[in-house]
Amino acid sequence: MAIFQLHICAAFLMGMILPSSALEDTFIAAVYEHAVILTGDTPRNVSRAEALELMNRNLDILEGAIKTAAQQGAHIIVTPEDALYGWVFTRETLYPYLENIPDPQVDWTPCNEPKRFGSNPIQGRLSCIAKENSIYVVANMGDKKPCNRSDPQCPSDGRYQYNTDVVYDTEGKFVARYHKYNLFASEVYFNYAKDPQFVTLNTSFGKLGLMTCADVLNYREPAISLVEKYKVDTILFPTAWQNGLPLLSAVEFYSAWAMGMRVNFLAANINKPSLDITGSGIFTPEGAKVYRFDMKTQTGKLLVAEINARPRLSPTYPPAVDWSLYASNIKHFPASPVFTASFYFDNFTFTELSQEAGNHTVCQKGLCCHLSYKMAEKREDEVYAFGAFDGLHVIEGEYYLQICTLLKCKSTDLKSCGEPVETAHTRFDSFTLSGTFNTSYVFPEVLLTETQLTTGEFQVLSDGQLVTHNGTSKPVLTVTLWGRWYEKDPPHPYILSGVP
């Protein structure tokens, strides 16, 4: 079992404490899905001037989106991870794109003092964009930090390189810096932050927390502590999320996480359909307010919505859920024939939904999943399966999952269950899904045909049941309870290796 140390010294609490009369009940949020201009298909060495030219081309596009968001009244805009330069790098080829990003406690407005900490033109431009448009701007870039060769963890090139989020307020002041703690497997050109950072901002429109992409899935920190210990109202989430249908599409998981953790979630993704990268939105504890999932066109998209600034104080705030209460207190449904199929290299135990209506229990290890359902019509050309997974996921990160899922198979061949699928024709009049989870971190997902979300068409009851009694507006791709059992995760890669 991994033991995580909470390093409070890494948390920054910034912003003024405003009088109650200045606090806002709602605010207008914006996210921008950016079709990033990439460095090329292969890593290559460029000069600093060439690196700046590419980053400024991307910033030109982002600036237009930020200006439009501000004109629509947005208080804050989140832009994607890797939005300035992409991800085709080695450590050496990334270096010209990096800047020295100081600790935000230095009280710095780069727009006013562009050379105070050396040559930092990208930070200066981001600051000016925020100031000129009177809007909070959240952006992602690279930070470089020299290290002492006597430090046993100092890389051989004498510097740390961090995947970094930065935030500028409405005056252009630099107010937050976050070094990504959970790197994706391919991010070998960056270093892990030594400790999880818990970066928060106090604003007139609630308390905000900052994290990046794999931070929401791979390990407990910083995601869980931001919500539970630091009590943030809204998560700011730059990401470059590659979709994994049927259970890990971007908007599906973001919406589920917002509902499961009961916070607002502002997710800005890259748009690169050729690489299965798309999916951004503004999500709340009650579901999606606005989202975008577009695998057909390669264009940017601005999303804007008004949401509750402090969802915990809202009369519609959902109650806490005991995710195993119902499932642990009912008898198992009669056994059905089971088979094994794989999703994302995880072997699920499945049973086929061979009838128009039925009740099923499927178990794997300590997890038993229960399903009651009724289809509007049983089609011969579509197969649905109901399954359970209880185990350690080991591809592109290691983390422990407990999952109960009803999903459409790619074809009528049961071996295709779990393979990517985007369309369906079967509607369900009702379903009830529950599981004997050993974790309280469970995220409810309902995904409809053509990767569309549903809001208000299902409920999560306080005893852990995901239910719909009036059917869904469109055919169903998946109905899922996705659980993360953090206590069974291996140690974080930084802790395990002892080197960045």
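Glycine too: its Cβ is placed from the backbone N, Cα and C atoms.
Automated prediction, rather than curation, is the source of TrEMBL annotations.
Taken from TrEMBL, the feature active site, proton acceptor applies to Glu81.
TrEMBL lists Lys180 with the feature active site, proton donor. Sequence-distant neighbours of Lys180 (active site, proton donor) (same chain, 6+ residues apart, CB-CB distance under 8 A): Tyr162, Asn163, Thr164, Asp165, Phe190, Ala193, Met211, Thr212, Cys213, Ala214, Asp215.
Residues or ranges marked as active site, nucleophile by TrEMBL: Cys213. Its own atom aside, the Cβ of Cys213 (active site, nucleophile) has 25 Cβ atoms within 10 angstroms in the protein chains shown.
Look at TrEMBL and you will find 38-309 tagged as domain 'CN hydrolase'.
Annotation comment: TrEMBL describes 1-22 as signal peptide.
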Note: in the chain of Glu81 (active site, proton acceptor), residues six or more apart in sequence with C-beta under 8 angstroms of its C-beta are Asn140, Asn163, Asp165, Thr212, Cys213, Pro238, Thr239, Ala240, Ile270
